[in-house]
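So the structure is just underneath, and the comments pick up after that.
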Amino acid sequence: MARRILVFAEQREGRLRKSALEAAGLGRQLGGEVHALIVAEKAAPAAEQLAACGLARIHTVEDPRLALYWNEGYLAALDRAVETLQPDLVLLSATAMGRDLAAGLAARRGMPLMSSCISLREAEGSFEAVKSMYGGKVFATLRAVRTPAVATLRPGAFPAAPAADGRPSTEPLAVDLPAEVRARTVGLEKQAEGQIDVQEAEVVVSGGRGLKEPANFALVERLATVLGGAVGASRAAVDAGWIDHGHQVGQTGKTISPKLYIAVGISGAIQHLAGMRTAKCIVAINKDPDAPIFAAADYGLVGDLFKIVPRLAEEIEKAKS
């Protein structure tokens, strides 16, 4: 009997998150019947973006109260979708929203939860996943003891769903949202125009205390721009007030798996490594040859970042032109 998989397709202001396409891609890779759920004030824009992903059906829950993330409302919608569709597996992104919803759903329904997965497959009638632990020093294998199960996927760890022929039907799902709103999102702090979220980017260039002062983040920004990537930061740089928390990569920031991660002036504390160690390729630039970051790096440049980074950006610009 074919498996049924439900993907929670996270969106923000009508724009589907890249990690939602990655969850849809894994769903298709696992095989079976893949459904998606969109929860929003208006679901049509995100549904249109999902339409070419080869899904069986797209389910939508729309309400003005769902314009911003509201845990109780979103969880009620997801719980209703699980009750209606009876999936074997529920997939969410390991974002702040996805982690919150996955924990709530698992607790409410007594479902096994596998979190921050970097791989997931069907095994012996259930599902088996791998996650990185202890700053990437250990990879744990998890197996759901029963189905249905729920899993969150580390952004960037899975390829996005390829385009497919045919368009799935889109069906509204009736949900009784809680009458009382006990906690709600009051607003969103948006990134500056043109900035890329580190969890959405294929290339991330991060700066640390080695930059010495906030003005020198311009070096990191230039390199990120020529590579078409996002700007990240270590906790030390964020705590120093050099850049806002939305750029922080690490255990207390964002966990990412880009194709390329460049660490500039970052020593490599275990908390930072926990957030980026599963990047496909890691490049470290640091004047200290004994910095822990080099143990995690695929390529290391030991030297003065104030000479290396501008030259690197210059050479990339030349190559592109």
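Cβ coordinates come from backbone N, Cα and C, glycine included.
TrEMBL: automatically predicted annotations, no manual curation.
Copied from TrEMBL, the annotated features are:
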type    : residues                                  : note
DOMAIN  : 5-185                                     : domain 'Electron transfer flavoprotein alpha/beta-subunit N-terminal'
BINDING : ARG209, 234-235, 248-252, 265-272, ASN286 : FAD binding site
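A map of TrEMBL features onto the structure.
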{"residue": "ARG209", "record": "FAD binding site", "DSSP (3 states)": "helix"}
{"residue": "GLN248", "record": "FAD binding site", "DSSP (3 states)": "strand"}
{"residue": "ILE266", "record": "FAD binding site", "DSSP (3 states)": "coil"}
{"residue": "HIS272", "record": "FAD binding site", "DSSP (3 states)": "helix"}
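The least crowded of the binding-site residues ILE266, ALA269, judged by other CB atoms within 10 A of its own CB, is ALA269. Other C-beta atoms found within 10 angstroms of the C-beta of ARG209 (FAD binding site) number 17, with every protein chain shown included. Sequence-distant neighbours of GLN248 (FAD binding site) (same chain, 6+ apart, CB under 8 A from its CB) are GLY232, ALA233, SER234, ARG235, VAL238, LYS254. Every protein chain shown contributes to the tally, and the Cβ of HIS272 (FAD binding site) ends up with 29 other Cβ atoms within 10 Å.
The Cβ neighbour count for GLN251 (FAD binding site), using a 10 Å radius over every protein chain in view, is 16.
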